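Engineer: Just dropping this structure here.
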Amino acid sequence: MPACCSWNDVFQYETNKVTRIQSVNYGTIKWILHMTVFSYVSFALMSDKLYQRKEPLISSVHTKVKGVAEVTENVTEGGVTKLVHGIFDTADYTLPLQGNSFFVMTNYLKSEGQEQKLCPEYPSRGKQCHSDQGCIKGWMDPQSKGIQTGRCIPYDQKRKTCEIFAWCPAEEGKEAPRPALLRSAENFTVLIKNNIDFPGHNYTTRNILPGMNISCTFHKTWNPQCPIFRLGDIFQEIGENFTEVAVQGGIMGIEIYWDCNLDSWSHRCQPKYSFRRLDDKYTNESLFPGYNFRYAKYYKENGMEKRTLIKAFGVRFDILVFGTGGKFDIIQLVVYIGSTLSYFGLATVCIDLIINTYASTCCRSRVYPSCKCCEPCAVNEYYYRKKCEPIVEPKPTLKYVSFVDEPHIWMVDQQLLGKSLQDVKGQEVPRPQTDFLELSRLSLSLHHSPPIPGQPEEMQLLQIEAVPRSRDSPDWCQCGNCLPSQLPENRRALEELCCRRKPGQCITTSELFSKIVLSREALQLLLLYQEPLLALEGEAINSKLRHCAYRSYATWRFVSQDMADFAILPSCCRWKIRKEFPKTQGQYSGFKYPY
């Protein structure tokens, strides 16, 4: 029993066998596809710098806003409204925020002189009452400004609300002033300091480099590297109106993108600035009005703590820093090249698809007969036969049958179920072409006295004439030389096969049958060709000659070794061979499955 594994199995190499087709058309297609793939791979390699190892950045941001705004607002004192002018500088309109953000106030509402005491609630929707029963003592509504005392008191001459303990007077629900009080904030400027680090490449840089003009202002075309931005220009870049946004406020994003090439031969690492609005300007303004928040300024008056509540509207600027730094890495280059090598197989896939399509049965039966222009494509059938070797599954039911009066071979892949093999219809299979180089290996006795084309001995197999039938010849026999099978009843149908489909001359009467199948000299030569020291005497030699004759007939009539393995010999040929090389006991086993 052979070993299941050995060192010889380890030290071996397997490769594919290819078929080279000499064709101008397919050669042109191959090189066009190869050059297309090569151009794409090269372009992607250089344009996207796929030979580099990419590293994300680590960033820190610091901002400084500069500018002064004059504010004019209406102030009511003692029932008299008057205009008050004021100045807002950086400390007034900017508030510290966490993270990479800063806030610029553009509008506001004030509630001055608030102190903790009892007062009526502001009569907003759902807050009015008619009696004390509409108020609950100790109730704290999340939408309320304080804690209810349980009393319903007048807010003004027409409306009554629940009394609350809160910062009084309660904040009024006024609309934001139009136009915005700090509408001149569009002229403010902001300086953005951005430091970045690529820890994987051990590289650090920033957006403000030595020698930069500190009095510059950012412009997308004329000064794209300046880190000082005018707020109005930021809105103008994205098509927004600063005056409109300043009324209710909003959220703006300042994007800083770093695409750094850290290779020494083409070093470049500069930021690219862009802007976008981050809040939804189409949201229902009655529910979500812009961006605002409240803060208070506390003070004491006559020993009492008071505050001024400010509802600030403005623009929050979020600075978003992202990007990568790339540097040449041999491993990345090798990985990219390896991943793109499979693209060159596109030519093979396309050409194989063309060959398989034009060699299909549909093209052969429908396209070529009706389209004269497509006839040259029939050469793909030849390419297909050279490229592909069809293999039929070697099942126990597989059998091949050849009739001397038909040009093709029949493949029978079914159970006979008692029906004679002569009458079973199978699938037509083209007869393989004979390799005439094999004829040179035949015995010398086959080379003398060759039949001349046209002589009667060559044409006799094609004549259809009445043949005297043997007394023992069964009904399915067409040549008159077949004999009944000796096999059991369940296997007998396998040997019920004649050499002809229609009545005519038997193939065993041909001269070539005698020279190839029955010639003892030829068969002995074949046996010695395989075993040079074989003893050609004794009882066992007849068995070897008989099986060699079976194989010689199968190889002669079926050509293909795969078909010969499953070939069923006609009854007339089988009995002719058995009579020439008989078995001592006279009992024969019949066809055996080879696998």
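The backbone N, Cα and C atoms fix where each Cβ goes, and this holds for glycine too.
Positions annotated as ATP binding site by Swiss-Prot: Thr189, Arg294, Lys311. Taken from Swiss-Prot, the feature Na(+) binding site applies to Ser342. Residues or ranges marked as Zn(2+) binding site by Swiss-Prot: Cys479, Cys499, Cys506, Cys572. The GTP binding site annotation in Swiss-Prot covers Arg546, His547, Tyr550, Ala567, Lys583, Ser589, Gly590 and is backed by experimental evidence. Taken from Swiss-Prot, the feature ADP-ribosylarginine applies to Arg125, supported by similarity to another entry. Summarising the annotation, Swiss-Prot assigns region 'C-cys anchor' to 360-377. Annotation comment: Swiss-Prot describes 395-595 as region 'Cytoplasmic ballast'. Positions annotated as site 'Selectivity filter 1' by Swiss-Prot: Ser342. Per Swiss-Prot, the feature topological domain 'Cytoplasmic' maps to 1-22, 354-595; the stated evidence is a curator's inference.
Describe the structural context of each listed feature in the structure shown, including burial, neighbouring residues and relevant distances.
Structural biologist: The 10 Å shell around the Cβ of Thr189 (ATP binding site) contains 16 further Cβ atoms across the protein chains shown.
Sequence-distant contacts of Ser342 (Na(+) binding site), defined as residues of its own chain at least six apart whose C-beta falls under 8 angstroms from its C-beta, are absent.
A coil conformation is recorded for Cys499 (Zn(2+) binding site) in the three-state DSSP classification, outside any helix or strand.
For Gly590 (GTP binding site), the number of other Cβ atoms no farther than 10 Å from its own Cβ, over all displayed protein chains, is 15.
For the recorded site, Arg125 (ADP-ribosylarginine), the DSSP three-state label reads coil. All protein chains shown were included, and the count of other CB atoms within 10 Å of the CB of Arg125 (ADP-ribosylarginine) stands at 7.
The DSSP secondary structure for Ser342 (Na(+) binding site) is helix.
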Engineer: Do you know offhand how many angstrom separate Arg125 (ADP-ribosylarginine) and Arg546 (GTP binding site) by C-alpha?
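Structural biologist: Here the two Cα atoms are 113 Å apart.
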Engineer: Work out how many Å separate Thr189 (ATP binding site) and Cys572 (Zn(2+) binding site) at their Cα atoms, rounded off.
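Structural biologist: The separation of the Cα atoms works out to 109 Å.
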Engineer: Highest CB neighbour count within 10 A among the binding-site residues Arg294, Arg546, Lys583?
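Structural biologist: Max Cβ neighbours within 10 Å, all protein chains included: Arg546.
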Engineer: Have a look at the binding-site residues (Cys479, Cys499, Cys506) and report the one with the fewest Cβ neighbours inside 10 Å.
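Structural biologist: Among the binding-site residues Cys479, Cys499, Cys506, the lowest count of other Cβ atoms within 10 Å belongs to Cys506.
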Engineer: Identify, among the binding-site residues Tyr550, Ala567, Ser589, the residue whose Cβ has the fewest other Cβ atoms within 10 Å in this structure.
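Structural biologist: It is Ser589 that, of the binding-site residues Tyr550, Ala567, Ser589, has the fewest other Cβ atoms within 10 Å.
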Engineer: Using only the Cα atoms of Thr189, Arg294, Lys311, which the record gives as binding ATP, return the largest interatomic distance in Å, rounded to a whole number.
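Structural biologist: Those residues reach a largest Cα separation of 24 Å.
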Engineer: Taking only same-chain residues 6+ apart in sequence, whose CB is under 8 Å from that of Cys572 (Zn(2+) binding site), what do you get?
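Structural biologist: Those within reach of Cys572 (Zn(2+) binding site), by Cβ under 8 Å and sequence separation of 6 or more, are Cys477, Cys479, Asn481, Cys482, Leu483, Cys498, Cys499, Cys506, Ile507, Thr508.
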